[in-house]
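Accompanying notes for the structure given below.
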Amino acid sequence: MSGPQVANPQKSHHALDGCYAKLLYDALCQLLRSDLNRHLTTNEVVRELFDLGPVLNEEEQSQKMSKAQKLERRTQLGEQQKQRNISRNKGRNKKMGGKHDFEDD
């Protein structure tokens with residue numbers, strides 16, 4: 001049975017060896033809060049504490065999209081989808097014409 005694990009942003013997990021490592025990880029979680037993954041990726045000291053190896057070079061890091069970039073892209077794609085739906089519905093309305101207009105006599 002393995003102990004607690006550190007989730008590395010590169011989709012790998014490293015087991016925490018002993019109580020010291022677990023306490024250190026918990027302290028860093030409280031101290032850094034949401035920035036812990038960024039520190040596990042870019043901070044040499046934090047990576048050394050958990051034996052995660054060298055920091056990735058800038059080229060490898062730039063290939064990954066940031067949350068802001070993902071949100072911006074998702075917003076753009078959503079707006080494009082909305083415009084496609086609007087134009088598609090206009091075309092459908094023209095095709096329908098008066099086929100379903102019922103007059104009450």
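Our numbering is plain: 1 for the first residue shown, then up by one each step along the chain.
Cβ from N, Cα, C; glycine included.
Summarising the annotation, TrEMBL assigns compositional bias 'Basic residues' to 85-97. In terms of DSSP helix, strand and coil, the compositional bias 'Basic residues' (85-97) has 12 helix, 0 strand, 1 coil.
Look at TrEMBL and you will find 43-95 tagged as domain 'Interferon-related developmental regulator C-terminal'. Confidence for the domain 'Interferon-related developmental regulator C-terminal' (43-95), expressed as mean pLDDT, is 81.
Residues or ranges marked as region 'Disordered' in TrEMBL: 59-105.
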